[in-house]
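Enquirer: Got a structure for you, written out below as structure tokens; questions coming shortly.
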Amino acid sequence: RMFHDDELEESEKFYVGQPRVLLLIYALYNTLVARSEMVCYFVIILNHMISASMITLVLPILIFLWAMLSVPRPSKRFWMTAIVYTEVTIVIKYFFQFGFFPWNKHVDYTKDKPYHPPNIIGIEKKEGYVHYDLVQLLALFFHRSILKCHGLWDEDEKGDSSSNKEDTDDELSLTGGRRDSSASLKSVNLAASVESIHVHFPEQQTAIRRKSSSSVSQLSHRSSFSSHRSKRVSYSVVKSHCGLCCFRTLQVYVPIRQFFYNLIHPDYSAVTDVYVLMFLADTVDFIIIVFGFWAFGKHSAAADITSSLSEDQVPEAFLVMVLIQFGTMVVDRALYLKKTVMGKVIFQVILVFGIHFWMFFILPGVTERKFSQNTVAQLWYFVKCVYFGLSAYQIRCGYPTRVLGNFLTKSYNYVNLFLFQGFRLVPFLTELRAVMDWVWTDTTLSLSSWICVEDIYAHIFILKCWRESEKRYPQPRGQKKKKVVKYGMGGMIIVLLICIVWFPLLFMSLIKSVAGITNKPLDVSITITLGGYQPIFTMSAQQSQLKDLNETDFKAFMASYRGKTAALQFLEGYGREDITLADLEGNSNSLWTISPPSREKMIQGLLDFSAEFTVVLSWSIQRTLETVYPYYIKAPSDSLAKPIKQLLTGMYCRWENITVSLVKNVSDEGVREWWVLNQLGKRYKTSEESLELLIFSDKVSPPSLGFLAGYGIMGLYASVVLVIGKFVREFFSGISHSIMFEELPNVDRILKLCTDIFLVRETGELELEEDLYAKLIFLYRSPETMIKWTREKT
């Protein structure tokens with residue numbers, strides 16, 4: 001070896017011989033050291049998520065618009081700004097914790113108010129007010145120590161001093177070489193300020209320096225000459241103040257302008273492509289909005305999207321958030337296709353300020369709770385911060401010069417195949433992507449031709465994946481398929497098809513027998529009307545009048561139907577907890593207010609035994625007076641209650657007769673009448689006037705599965721079996737029509753032709769794009785040429 005050291009070799013052996021847990025700790029520490037700036041960013045964002053105040057808002061914005069956009073790394077000035085700002089924040093928060101401030105006397109009353117000024121500013125009194133700030137300061141000092149260890153802390157100062165030497169000379173000449181002279185700045189007018197604080201480009205430095213120095217010398221001569229005249233003195237003082245203000249403004253504006261100019265026009269660019277990661281971050285945010293949309297609206301904390309949509313209601317907060325999120329994804333796609341860094345920078349600035357303003361100043365007012373108490377909003381903001389970091393990285397490195405195909409088509413394996421097919425199954429996603437790509441890409445193809453190329457490319461990619469899998473797992477010629485393959489793949493398909501066919505029956509059976517919830521009645525009401533006249537009886541049973549059967553009564557009830565097949569088949573689906581005994585008072589709870597003419601007419605109808613006189617019950621069943629009162633009522637999952645015919649047979653299980661009598665009460669207040677009903681065949685009550693009902697309540701599906709079981713078996717069959725069956729039928733039928741395009745032994749030449757179309761389009765060779773597209777169409781029109789093109793390579 002060229003170099004050998006025993007101590008280093010012994011040290012390496014000692015390190016390798018350490019336990020794996022300790023080696024893992026070493027590796028994690030090294031990762032922490034290598035990405036110490038990411039640790040600082042994470043702590044700063046976490047501090048802002050928990051504090052959610054104006055005083056912690058500054059550093060996250062500086063991260064996304066300064067630190068992450070700096071090339072090649074954030075400067076020392078940024079880290080010193082972050083450290084000093086954190087220290088000042090800690091001091092300010094500590095100072096405002098004293099109790100003599102008026103807003104600290106009613107902390108319990110104002111701590112949850114989002115628009116309370118101390119809460120917005122971040123100076124409210126609370127426990128652990130400075131914990132996260134101290135952790136943030138510790139992370140910043142840790143990163144500073146790492147930079148100092150590697151000699152990167154003072155590197156920026158050296159580079160700035162060498163590169164800005166001429167600018168320093170200009171500043172010295174501007175002040176006349178006297179830094180301690182305060183009068184020198186007062187003699188600077190507006191024109192000199194603008195000329196001396198120009199953006200310096202390499203080829204313009206000499207001219208600008210000469211121009212500024214000549215203007216300064218001329219300015220000093222004018223100032224000395226005007227000192228002999230009092231009117232010009234006053235004018236020059238006012239003018240010098242204006243120049244000083246503009247000088248200070250330009251001192252802030254020019255570096256910012258120069259920073260973004262260098263970002264958009266870099267000397268070199270390490271091109272990268274993180275659009276996929278940005279798209280995934282936006283997709284995660286989209287999912288958070290859909291499943292946690294209630295966090296972005298008012299008075300909707302207990303709602304969910306499925307219940308809101310089932311009631312045909314689209315929440316406004318959900319609609320606004322979805323449209324905004326989807327709109328940003330479309331704009332991001334357009335910027336990616338146009339490869340415009342300036343547009344991405346403008347979009348980044350608008351998004352950073354807009355989202356921070358909305359999340360921390362508008363959303364708390366809409367939801368009426370602080371951002372730190374809104375977990376879903378915090379999660380959405382954190383994922384959006386990841387998106388901001390990726391966007392800054394994309395801006396700093398620049399967009400790729402060529403965008404060829406889908407990112408899922410870069411490799412030909414099972415993972416890419418299934419992900420690509422899943423991508424194509426998402427409704428309207430493939431179509432929307434194709435149309436957007438056509439709109440924002442320079443091409444000579446029409447929209448239909450563009451979609452044709454995309455469809456051919458997708459089809460050829462799928463075939464390429466299958467051919468690659470056949471090469472990895474070849475099947476010897478003349479050998480039958482192994483049983484593992486046949487029973488593995490075939491058996492899985494058989495089980496899947498059987499499950500699809502019988503899923504609705506199994507689901508509807510299990511959902512109510514296993515996971516069903518007993519839906520006991522809360523109110524049982526009866527209204528009886530004779531012949532369409534004024535109701536004669538109204539009564540309801542509630543709370544204590546609705547009783548459950550005890551175990552003895554339930555067993556006796558079941559024993560009374562022994563030997564009756566129809567009744568036992570019905571009772572098999574009900575347990576003791578599903579039966580409710582309703583005890584209704586026999587006296588009507590309302591007076592009988594009928595007009596005298598109607599009363600006389602009803603009496604005549606009752607006396608005429610040859611005429612048919614009907615009685616109408618509240619559950620909309622019409623019967624003659626002979627058997628009017630059903631003893632057993634079924635309360636299904638819908639609102640229509642009906643008698644149980646299987647139990648209304650036999651000696652003890654017939655329709656019950658009732659007696660109806662009119663009671664008249666004469667008092668000083670006048671004559672009052674009401675009707676009294678009495679059931680003759682009561683089983684659980686004494687002989688006093690009353691009515692009994694046994695209600696059998698059907699189990700209902702849990703609320704979480706109501707959207708599946710709400711339309712019954714037929715609805716489930718129509719939505720599941722028929723729809724899935726249509727897709728399965730398309731897979732098994734019509735294969736003969738696609739043999740020409742499916743059975744292609746080698747698709748490499750066609751795949752290369754599609755890739756060439758993408759490539760010449762990106763390079764601007766639009767005439768060649770037309771020629772290659774015509775070649776591709778001719779290939780699919782000519783079966784003989786297709787056979788030649790797809791032969792195996794020899």
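Going from the start of the chain as shown, residues are counted 1 onward.
Positions of Cβ are set from backbone N, Cα and C atoms, glycine also.
Not my notes, these are from TrEMBL:
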- 34-154: domain 'Piezo transmembrane helical unit' (DOMAIN)
- 272-509: domain 'Piezo THU9 and anchor' (DOMAIN)
- 624-792: domain 'Piezo non-specific cation channel cap' (DOMAIN)
- 155-180: region 'Disordered' (REGION)
- 21-44: transmembrane segment (TRANSMEM)
- 50-71: transmembrane segment (TRANSMEM)
- 274-297: transmembrane segment (TRANSMEM)
- 317-336: transmembrane segment (TRANSMEM)
- 345-367: transmembrane segment (TRANSMEM)
- 379-399: transmembrane segment (TRANSMEM)
- 411-427: transmembrane segment (TRANSMEM)
- 447-466: transmembrane segment (TRANSMEM)
- 487-511: transmembrane segment (TRANSMEM)
- 705-728: transmembrane segment (TRANSMEM)
Enquirer: In the same chain, which residue numbers or ranges, 6 or more beyond the ends of the transmembrane segment (50-71), come under 8 angstroms Cβ to Cβ?
Expert: 37, 41, 44, 78, 81-82, 85-86, 89, 92-93, 119-123, 132, 259, 262-263, 266, 348-349, 352-353, 356, 360, 364, 370-372, 385, 388-389, 392-393, 395-396
Enquirer: How many of the residues that make up the domain 'Piezo transmembrane helical unit' (34-154) does DSSP mark as helix, as strand and as coil?
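Expert: Helix, strand and coil residues of the domain 'Piezo transmembrane helical unit' (34-154) number 81 helix, 0 strand, 40 coil.
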Enquirer: In this predicted model, what is the average pLDDT of the domain 'Piezo non-specific cation channel cap' (624-792)?
Expert: 73
